[in-house]
Amino acid sequence: MGTLTQNGPLHGFEEQNLFSPELSTQKMQLGHISEYGSAPAGFQPGASKMWRNVVYKSIKIVIFSNKLNLLIPFGPLAIVVHILTGQNGLVFLLSLLGIIPLAERLGYATEQIAMYTGPTIGGLLNATFGNATELIIAIYALRNGMIRVVQLSLLGSILSNMLLVLGCAFFCGGLVFNGKEQVFNKATATVSSGLLLMAVMGLLFPAVLHYTHTEVHYGKSELALSRFSSCIMLGAYAAYLFFQLKTQKDPYIPLSEEGGQNEENNNDDDETPEISKWEAVFWLSIMTAWISILSEYLVDAIEGTSHTWNIPISFIGVILLPIVGNAAEHAGAIMFAMKDKLDISLGVAIGSSTQISMFGIPFCVVVGWIMGQPMDLNFQLFETATLFITVIVVAFFLQEGSSNYFKGLMLILCYLIVAASFFVHEDPPPEGKP
(Lines of atoms letter the chains of each structure in order from A and count residues from 1; the text may use other names and numbers.)
(Lines give C-alpha, C1' and ligand atoms only; values in the text may rest on other atoms or scores of the structure.)
Protein backbone atom coordinates (compact mmCIF):
# COMPACT_ATOMS: atom_id res chain seq x y z
CA MET A 1 0.00 0.00 0.00
CA GLY A 2 3.02 2.25 0.01
CA THR A 3 4.06 4.62 2.75
CA LEU A 4 1.22 6.43 4.54
CA THR A 5 2.03 9.77 6.13
CA GLN A 6 -0.22 12.38 7.63
CA ASN A 7 0.46 15.21 5.25
CA GLY A 8 2.14 13.39 2.36
CA PRO A 9 0.55 11.96 -0.72
CA LEU A 10 -1.28 8.69 -0.23
CA HIS A 11 0.14 6.82 -3.16
CA GLY A 12 3.77 7.74 -2.98
CA PHE A 13 4.29 9.83 -6.05
CA GLU A 14 5.86 13.27 -5.92
CA GLU A 15 3.75 16.36 -5.52
CA GLN A 16 5.84 18.38 -7.92
CA ASN A 17 4.97 15.96 -10.74
CA LEU A 18 1.23 16.18 -10.04
CA PHE A 19 0.87 19.88 -9.46
CA SER A 20 3.53 21.30 -11.74
CA PRO A 21 2.58 24.33 -13.85
CA GLU A 22 3.11 22.26 -16.96
CA LEU A 23 0.52 19.67 -15.94
CA SER A 24 -1.91 22.33 -14.73
CA THR A 25 -1.73 24.06 -18.11
CA GLN A 26 -2.38 20.78 -19.89
CA LYS A 27 -5.37 20.03 -17.69
CA MET A 28 -6.83 23.47 -18.35
CA GLN A 29 -6.37 22.98 -22.07
CA LEU A 30 -7.95 19.54 -21.92
CA GLY A 31 -10.92 20.90 -19.97
CA HIS A 32 -11.31 23.65 -22.58
CA ILE A 33 -11.31 21.12 -25.40
CA SER A 34 -13.73 18.81 -23.60
CA GLU A 35 -16.11 21.71 -22.93
CA TYR A 36 -16.46 22.66 -26.55
CA GLY A 37 -16.36 19.19 -28.02
CA SER A 38 -13.15 19.43 -30.09
CA ALA A 39 -10.20 21.67 -30.67
CA PRO A 40 -10.09 24.14 -33.58
CA ALA A 41 -8.58 22.78 -36.75
CA GLY A 42 -5.35 24.71 -36.31
CA PHE A 43 -4.71 23.15 -32.93
CA GLN A 44 -5.16 19.48 -33.84
CA PRO A 45 -1.43 18.54 -33.70
CA GLY A 46 -1.00 20.21 -30.34
CA ALA A 47 -4.18 18.62 -29.05
CA SER A 48 -2.97 15.18 -30.15
CA LYS A 49 0.30 15.67 -28.33
CA MET A 50 -1.57 16.93 -25.28
CA TRP A 51 -3.80 13.83 -25.27
CA ARG A 52 -0.72 11.60 -25.40
CA ASN A 53 0.75 13.49 -22.44
CA VAL A 54 -2.48 13.14 -20.47
CA VAL A 55 -2.64 9.39 -21.18
CA TYR A 56 1.01 8.99 -20.22
CA LYS A 57 0.53 10.90 -16.97
CA SER A 58 -2.64 8.95 -16.16
CA ILE A 59 -0.79 5.65 -16.59
CA LYS A 60 2.12 7.01 -14.55
CA ILE A 61 -0.16 8.08 -11.71
CA VAL A 62 -2.35 4.97 -11.58
CA ILE A 63 0.15 2.23 -12.43
CA PHE A 64 3.68 3.43 -11.71
CA SER A 65 3.11 5.62 -8.65
CA ASN A 66 2.40 2.84 -6.16
CA LYS A 67 5.04 0.32 -5.09
CA LEU A 68 2.31 -2.24 -4.41
CA ASN A 69 1.74 -2.42 -8.18
CA LEU A 70 4.97 -4.41 -8.45
CA LEU A 71 2.68 -7.37 -7.64
CA ILE A 72 0.54 -6.87 -10.79
CA PRO A 73 2.68 -9.22 -12.97
CA PHE A 74 1.80 -12.10 -10.64
CA GLY A 75 -1.71 -12.07 -12.17
CA PRO A 76 -0.66 -13.00 -15.73
CA LEU A 77 1.94 -15.36 -14.24
CA ALA A 78 -0.86 -17.21 -12.42
CA ILE A 79 -2.66 -17.77 -15.74
CA VAL A 80 0.56 -19.06 -17.36
CA VAL A 81 1.25 -21.43 -14.45
CA HIS A 82 -2.34 -22.71 -14.62
CA ILE A 83 -2.02 -23.46 -18.33
CA LEU A 84 1.46 -25.04 -18.15
CA THR A 85 1.49 -26.89 -14.83
CA GLY A 86 -1.95 -26.80 -13.20
CA GLN A 87 -0.43 -26.62 -9.70
CA ASN A 88 -3.37 -25.36 -7.65
CA GLY A 89 -1.34 -24.14 -4.70
CA LEU A 90 0.96 -22.01 -6.85
CA VAL A 91 -1.92 -20.70 -8.99
CA PHE A 92 -3.83 -19.72 -5.84
CA LEU A 93 -0.85 -17.92 -4.35
CA LEU A 94 -0.02 -16.04 -7.56
CA SER A 95 -3.67 -15.09 -8.13
CA LEU A 96 -3.91 -13.89 -4.54
CA LEU A 97 -0.82 -11.71 -4.95
CA GLY A 98 -2.01 -10.43 -8.33
CA ILE A 99 -5.42 -9.36 -7.01
CA ILE A 100 -4.00 -7.36 -4.06
CA PRO A 101 -2.75 -4.35 -6.09
CA LEU A 102 -5.82 -4.48 -8.34
CA ALA A 103 -8.13 -4.26 -5.33
CA GLU A 104 -6.12 -1.33 -3.97
CA ARG A 105 -6.17 0.47 -7.33
CA LEU A 106 -9.91 -0.21 -7.55
CA GLY A 107 -10.27 1.61 -4.24
CA TYR A 108 -8.04 4.43 -5.51
CA ALA A 109 -10.17 4.95 -8.61
CA THR A 110 -13.27 4.96 -6.40
CA GLU A 111 -11.71 7.61 -4.16
CA GLN A 112 -11.01 9.79 -7.18
CA ILE A 113 -14.65 9.52 -8.30
CA ALA A 114 -15.79 10.20 -4.73
CA MET A 115 -13.96 13.54 -4.77
CA TYR A 116 -16.44 14.71 -7.40
CA THR A 117 -19.55 13.51 -5.55
CA GLY A 118 -19.35 14.78 -1.95
CA PRO A 119 -18.76 13.05 1.40
CA THR A 120 -22.00 11.04 1.74
CA ILE A 121 -22.08 9.51 -1.74
CA GLY A 122 -18.28 9.25 -1.58
CA GLY A 123 -18.46 7.10 1.55
CA LEU A 124 -21.07 4.85 -0.06
CA LEU A 125 -18.99 4.57 -3.25
CA ASN A 126 -15.91 3.59 -1.22
CA ALA A 127 -17.88 0.88 0.57
CA THR A 128 -19.57 -0.34 -2.65
CA PHE A 129 -16.55 -0.70 -4.91
CA GLY A 130 -14.35 -1.67 -1.99
CA ASN A 131 -16.53 -4.79 -1.79
CA ALA A 132 -16.49 -5.42 -5.54
CA THR A 133 -13.62 -7.91 -5.23
CA GLU A 134 -15.44 -10.03 -2.64
CA LEU A 135 -18.67 -10.03 -4.65
CA ILE A 136 -16.89 -10.99 -7.88
CA ILE A 137 -15.15 -13.90 -6.14
CA ALA A 138 -18.44 -14.93 -4.50
CA ILE A 139 -20.37 -14.98 -7.79
CA TYR A 140 -17.71 -17.11 -9.50
CA ALA A 141 -17.72 -19.53 -6.56
CA LEU A 142 -21.53 -19.64 -6.57
CA ARG A 143 -21.55 -20.41 -10.26
CA ASN A 144 -19.26 -23.38 -9.57
CA GLY A 145 -21.55 -24.64 -6.79
CA MET A 146 -19.06 -23.76 -4.02
CA ILE A 147 -21.71 -22.40 -1.66
CA ARG A 148 -19.61 -22.90 1.44
CA VAL A 149 -16.75 -20.84 -0.02
CA VAL A 150 -19.22 -18.03 -0.75
CA GLN A 151 -20.51 -18.07 2.83
CA LEU A 152 -17.04 -18.18 4.36
CA SER A 153 -15.54 -15.46 2.16
CA LEU A 154 -18.41 -13.05 2.84
CA LEU A 155 -18.30 -13.80 6.56
CA GLY A 156 -14.53 -13.26 6.53
CA SER A 157 -14.96 -9.91 4.80
CA ILE A 158 -17.25 -8.71 7.60
CA LEU A 159 -14.89 -9.94 10.31
CA SER A 160 -11.85 -8.46 8.57
CA ASN A 161 -13.45 -5.02 8.14
CA MET A 162 -14.82 -4.85 11.67
CA LEU A 163 -11.73 -6.10 13.50
CA LEU A 164 -8.62 -5.76 11.32
CA VAL A 165 -9.40 -2.72 9.15
CA LEU A 166 -11.11 -0.72 11.91
CA GLY A 167 -8.49 -1.83 14.44
CA CYS A 168 -5.61 -0.68 12.22
CA ALA A 169 -7.38 2.64 11.60
CA PHE A 170 -7.86 3.25 15.32
CA PHE A 171 -4.30 2.12 16.06
CA CYS A 172 -2.55 4.24 13.40
CA GLY A 173 -4.74 7.27 14.04
CA GLY A 174 -4.10 6.96 17.77
CA LEU A 175 -0.34 6.84 17.24
CA VAL A 176 -0.32 9.90 14.99
CA PHE A 177 -2.56 11.88 17.35
CA ASN A 178 -1.10 10.47 20.54
CA GLY A 179 -2.22 12.20 23.70
CA LYS A 180 -5.78 12.88 22.60
CA GLU A 181 -8.84 10.85 21.76
CA GLN A 182 -10.18 11.01 18.23
CA VAL A 183 -13.96 11.34 18.06
CA PHE A 184 -16.54 10.32 15.48
CA ASN A 185 -20.27 10.60 14.88
CA LYS A 186 -21.75 8.29 17.49
CA ALA A 187 -25.26 8.41 15.97
CA THR A 188 -24.04 7.10 12.61
CA ALA A 189 -22.06 4.33 14.33
CA THR A 190 -25.16 3.35 16.32
CA VAL A 191 -27.24 3.00 13.13
CA SER A 192 -24.55 0.81 11.54
CA SER A 193 -24.35 -1.35 14.68
CA GLY A 194 -28.11 -1.82 14.57
CA LEU A 195 -27.96 -2.96 10.95
CA LEU A 196 -25.18 -5.41 11.78
CA LEU A 197 -27.25 -6.86 14.62
CA MET A 198 -30.17 -7.22 12.21
CA ALA A 199 -27.88 -9.12 9.84
CA VAL A 200 -26.85 -11.41 12.73
CA MET A 201 -30.54 -12.06 13.38
CA GLY A 202 -31.05 -13.00 9.73
CA LEU A 203 -28.14 -15.48 9.89
CA LEU A 204 -29.00 -16.82 13.34
CA PHE A 205 -32.56 -18.06 12.83
CA PRO A 206 -31.87 -20.38 9.84
CA ALA A 207 -28.95 -21.92 11.76
CA VAL A 208 -31.02 -22.40 14.91
CA LEU A 209 -33.90 -23.80 12.86
CA HIS A 210 -31.56 -26.32 11.26
CA TYR A 211 -29.74 -27.48 14.39
CA THR A 212 -32.86 -27.74 16.57
CA HIS A 213 -34.52 -29.94 13.90
CA THR A 214 -37.74 -27.93 14.13
CA GLU A 215 -38.30 -27.35 10.42
CA VAL A 216 -41.82 -27.95 9.14
CA HIS A 217 -40.36 -29.35 5.92
CA TYR A 218 -36.88 -30.70 6.60
CA GLY A 219 -34.26 -29.15 4.33
CA LYS A 220 -36.81 -26.84 2.65
CA SER A 221 -38.07 -24.54 5.40
CA GLU A 222 -34.52 -23.40 6.14
CA LEU A 223 -33.95 -22.44 2.51
CA ALA A 224 -37.34 -20.73 2.22
CA LEU A 225 -36.71 -18.75 5.41
CA SER A 226 -33.28 -17.71 4.09
CA ARG A 227 -34.72 -16.42 0.84
CA PHE A 228 -37.54 -14.55 2.60
CA SER A 229 -35.11 -13.01 5.11
CA SER A 230 -32.76 -12.03 2.28
CA CYS A 231 -35.52 -10.07 0.55
CA ILE A 232 -36.33 -8.32 3.84
CA MET A 233 -32.63 -7.48 4.40
CA LEU A 234 -32.31 -6.07 0.88
CA GLY A 235 -35.35 -3.89 1.52
CA ALA A 236 -33.88 -2.73 4.82
CA TYR A 237 -30.60 -1.84 3.11
CA ALA A 238 -32.46 0.14 0.43
CA ALA A 239 -34.22 2.07 3.21
CA TYR A 240 -30.83 2.65 4.85
CA LEU A 241 -29.45 4.12 1.62
CA PHE A 242 -32.45 6.43 1.34
CA PHE A 243 -31.93 7.46 4.97
CA GLN A 244 -28.25 8.21 4.35
CA LEU A 245 -28.69 10.07 1.08
CA LYS A 246 -31.97 11.94 1.62
CA THR A 247 -32.86 12.16 5.29
CA GLN A 248 -29.55 12.40 7.13
CA LYS A 249 -27.32 15.17 5.78
CA ASP A 250 -23.64 14.39 5.28
CA PRO A 251 -23.09 11.86 8.10
CA TYR A 252 -19.37 11.59 7.27
CA ILE A 253 -18.54 15.27 7.87
CA PRO A 254 -16.07 15.34 10.79
CA LEU A 255 -17.29 16.62 14.14
CA SER A 256 -16.19 20.05 15.25
CA GLU A 257 -18.50 20.89 18.13
CA GLU A 258 -17.02 18.23 20.39
CA GLY A 259 -13.48 19.44 19.86
CA GLY A 260 -12.23 16.31 18.16
CA GLN A 261 -11.63 17.58 14.66
CA ASN A 262 -10.62 21.09 13.71
CA GLU A 263 -12.43 22.52 10.70
CA GLU A 264 -9.45 24.59 9.66
CA ASN A 265 -7.20 21.52 9.62
CA ASN A 266 -9.79 19.61 7.62
CA ASN A 267 -9.99 22.42 5.08
CA ASP A 268 -6.22 22.39 4.78
CA ASP A 269 -6.27 18.63 4.21
CA ASP A 270 -8.81 18.77 1.37
CA GLU A 271 -7.37 16.85 -1.53
CA THR A 272 -7.50 17.68 -5.20
CA PRO A 273 -8.40 14.87 -7.62
CA GLU A 274 -5.29 13.52 -9.29
CA ILE A 275 -7.12 12.22 -12.37
CA SER A 276 -10.31 13.31 -14.09
CA LYS A 277 -13.68 11.73 -13.42
CA TRP A 278 -13.77 9.86 -16.73
CA GLU A 279 -10.21 8.66 -16.29
CA ALA A 280 -11.27 7.23 -12.91
CA VAL A 281 -14.29 5.52 -14.50
CA PHE A 282 -12.05 4.02 -17.19
CA TRP A 283 -9.55 2.65 -14.68
CA LEU A 284 -12.40 1.39 -12.50
CA SER A 285 -13.68 -0.67 -15.46
CA ILE A 286 -10.22 -2.02 -16.28
CA MET A 287 -9.48 -3.08 -12.70
CA THR A 288 -12.92 -4.70 -12.28
CA ALA A 289 -12.51 -6.72 -15.49
CA TRP A 290 -9.01 -7.89 -14.54
CA ILE A 291 -10.13 -8.86 -11.05
CA SER A 292 -12.98 -10.87 -12.59
CA ILE A 293 -10.53 -12.83 -14.75
CA LEU A 294 -8.17 -13.62 -11.87
CA SER A 295 -11.05 -14.48 -9.53
CA GLU A 296 -12.03 -17.39 -11.74
CA TYR A 297 -8.55 -18.91 -11.48
CA LEU A 298 -8.47 -18.17 -7.75
CA VAL A 299 -11.78 -19.92 -7.05
CA ASP A 300 -10.89 -22.96 -9.17
CA ALA A 301 -7.67 -23.45 -7.17
CA ILE A 302 -9.16 -23.18 -3.66
CA GLU A 303 -9.97 -26.85 -3.02
CA GLY A 304 -6.69 -28.08 -4.49
CA THR A 305 -4.80 -25.54 -2.39
CA SER A 306 -6.55 -26.75 0.76
CA HIS A 307 -5.33 -30.31 0.13
CA THR A 308 -1.84 -29.26 -1.04
CA TRP A 309 -1.12 -26.91 1.85
CA ASN A 310 -3.12 -28.93 4.39
CA ILE A 311 -5.06 -25.78 5.40
CA PRO A 312 -8.80 -25.86 6.15
CA ILE A 313 -11.02 -24.31 3.50
CA SER A 314 -12.64 -22.31 6.28
CA PHE A 315 -9.30 -20.58 7.01
CA ILE A 316 -8.76 -19.83 3.32
CA GLY A 317 -12.27 -18.43 2.95
CA VAL A 318 -12.50 -16.46 6.18
CA ILE A 319 -8.92 -15.16 6.51
CA LEU A 320 -6.91 -15.28 3.27
CA LEU A 321 -9.50 -14.19 0.69
CA PRO A 322 -10.84 -11.19 2.66
CA ILE A 323 -7.33 -9.83 3.28
CA VAL A 324 -6.99 -9.52 -0.49
CA GLY A 325 -10.45 -8.06 -1.02
CA ASN A 326 -10.11 -5.55 1.80
CA ALA A 327 -6.86 -4.01 0.58
CA ALA A 328 -8.70 -0.91 -0.62
CA GLU A 329 -10.63 -0.45 2.65
CA HIS A 330 -7.47 -1.08 4.66
CA ALA A 331 -5.51 1.63 2.85
CA GLY A 332 -8.35 4.13 2.82
CA ALA A 333 -9.40 3.69 6.46
CA ILE A 334 -5.83 4.08 7.74
CA MET A 335 -5.18 7.11 5.56
CA PHE A 336 -8.29 8.95 6.76
CA ALA A 337 -7.63 8.06 10.40
CA MET A 338 -4.11 9.46 10.15
CA LYS A 339 -5.63 12.71 8.84
CA ASP A 340 -8.01 12.87 11.83
CA LYS A 341 -11.01 12.13 9.61
CA LEU A 342 -12.25 9.22 11.66
CA ASP A 343 -15.86 9.53 10.48
CA ILE A 344 -14.77 8.62 6.96
CA SER A 345 -12.63 5.74 8.28
CA LEU A 346 -15.66 4.46 10.14
CA GLY A 347 -17.80 4.88 7.05
CA VAL A 348 -15.36 2.78 5.02
CA ALA A 349 -14.75 -0.01 7.57
CA ILE A 350 -18.14 -0.35 9.28
CA GLY A 351 -19.99 0.79 6.16
CA SER A 352 -18.31 -1.99 4.19
CA SER A 353 -19.27 -4.57 6.82
CA THR A 354 -22.84 -3.29 6.80
CA GLN A 355 -23.02 -3.50 3.03
CA ILE A 356 -21.67 -7.04 2.89
CA SER A 357 -24.02 -8.24 5.65
CA MET A 358 -27.17 -6.42 4.50
CA PHE A 359 -26.58 -6.44 0.73
CA GLY A 360 -23.76 -8.79 -0.28
CA ILE A 361 -24.99 -11.91 1.54
CA PRO A 362 -28.71 -11.50 0.68
CA PHE A 363 -27.75 -10.64 -2.90
CA CYS A 364 -25.81 -13.91 -3.22
CA VAL A 365 -28.81 -15.82 -1.81
CA VAL A 366 -31.06 -14.27 -4.47
CA VAL A 367 -28.48 -14.85 -7.24
CA GLY A 368 -28.15 -18.48 -6.08
CA TRP A 369 -31.94 -18.75 -6.18
CA ILE A 370 -31.86 -17.58 -9.82
CA MET A 371 -28.98 -19.95 -10.65
CA GLY A 372 -30.73 -22.88 -8.98
CA GLN A 373 -28.07 -23.08 -6.23
CA PRO A 374 -29.36 -23.74 -2.65
CA MET A 375 -27.46 -20.81 -1.13
CA ASP A 376 -28.95 -20.10 2.31
CA LEU A 377 -28.26 -18.05 5.45
CA ASN A 378 -27.26 -21.04 7.57
CA PHE A 379 -23.57 -20.24 8.09
CA GLN A 380 -23.22 -23.03 10.72
CA LEU A 381 -23.12 -22.48 14.48
CA PHE A 382 -19.38 -21.78 14.84
CA GLU A 383 -19.36 -19.08 12.16
CA THR A 384 -22.62 -17.49 13.30
CA ALA A 385 -21.46 -17.37 16.93
CA THR A 386 -18.16 -15.77 15.82
CA LEU A 387 -20.02 -13.07 13.90
CA PHE A 388 -22.43 -12.43 16.80
CA ILE A 389 -19.61 -11.99 19.33
CA THR A 390 -17.66 -9.75 16.92
CA VAL A 391 -20.64 -7.44 16.36
CA ILE A 392 -21.21 -7.16 20.12
CA VAL A 393 -17.52 -6.40 20.82
CA VAL A 394 -17.30 -3.73 18.10
CA ALA A 395 -20.60 -2.18 19.21
CA PHE A 396 -19.15 -1.74 22.71
CA PHE A 397 -16.05 -0.09 21.27
CA LEU A 398 -18.17 2.34 19.24
CA GLN A 399 -20.69 3.33 21.90
CA GLU A 400 -18.48 6.08 23.40
CA GLY A 401 -17.92 7.83 20.07
CA SER A 402 -14.14 8.04 20.57
CA SER A 403 -11.05 6.00 19.77
CA ASN A 404 -7.37 5.67 20.66
CA TYR A 405 -4.50 3.39 19.73
CA PHE A 406 -5.24 0.97 22.60
CA LYS A 407 -8.76 0.30 21.30
CA GLY A 408 -7.28 -0.36 17.88
CA LEU A 409 -4.72 -2.76 19.34
CA MET A 410 -7.45 -4.72 21.12
CA LEU A 411 -9.46 -5.05 17.89
CA ILE A 412 -6.37 -6.33 16.05
CA LEU A 413 -5.68 -8.88 18.80
CA CYS A 414 -9.32 -10.00 18.63
CA TYR A 415 -8.84 -10.62 14.91
CA LEU A 416 -5.76 -12.74 15.60
CA ILE A 417 -7.85 -14.88 17.97
CA VAL A 418 -10.50 -15.30 15.28
CA ALA A 419 -7.84 -16.24 12.70
CA ALA A 420 -6.33 -18.85 15.04
CA SER A 421 -9.81 -20.26 15.73
CA PHE A 422 -10.53 -20.82 12.04
CA PHE A 423 -7.07 -22.33 11.49
CA VAL A 424 -7.96 -25.17 13.86
CA HIS A 425 -11.64 -25.36 12.81
CA GLU A 426 -12.69 -28.17 10.51
CA ASP A 427 -15.77 -27.42 8.46
CA PRO A 428 -18.50 -30.05 9.11
CA PRO A 429 -19.81 -32.08 6.17
CA PRO A 430 -22.99 -30.61 4.64
CA GLU A 431 -25.40 -33.22 5.98
CA GLY A 432 -29.08 -32.65 5.59
CA LYS A 433 -28.65 -30.27 2.71
CA PRO A 434 -31.04 -30.65 -0.21
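First residue shown is number 1, and so on along the chain.
Cβ atoms are placed via backbone N, Cα and C, with glycine included.
Curation plays no part in TrEMBL annotations; they are all automatic predictions.
Annotated domain 'Sodium/calcium exchanger membrane region' per TrEMBL: 90-245, 281-422, in sequence order. Under the heading transmembrane segment, TrEMBL lists 120-142, 154-177, 189-212, 224-243, 280-299, 311-336, 348-371, 377-398, 405-424.
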Long-range Cβ neighbours of the transmembrane segment (377-398) (under 8 Å; 6 or more residues past either end): 151-152, 155, 158-159, 162-163, 166, 186, 189-190, 193, 196-197, 200, 202-207, 209-211, 222, 225-226, 229-230, 314, 318, 346, 350, 361, 365, 407, 410-411, 414, 418, 421, 425, 427-428
For the transmembrane segment (311-336): best-contacting stretch of 154-177, 189-212, 224-243, 280-299, 348-371, by Cβ pairs under 8 Å: 154-177
Recorded stretch that, among 189-212, 348-371, 405-424, has the most CB pairs under 8 Å to the transmembrane segment (154-177): 405-424
Long-range environment of the transmembrane segment (405-424) - Cβ separation under 8 angstroms, sequence gap at least 6: 159-160, 162-164, 166-175, 178, 311-312, 314-315, 318-319, 386, 390, 393-394, 397
Outside the transmembrane segment (348-371), six or more residues from its ends: residues with CB under 8 Å to it: 123-124, 126-128, 130-131, 134-135, 138-139, 142-143, 147, 150, 154, 157-158, 161-162, 165-166, 169, 189, 192-193, 195-196, 198-200, 202-203, 226-227, 229-231, 233-234, 236-237, 240, 326, 329, 332-333, 336, 377, 394, 398
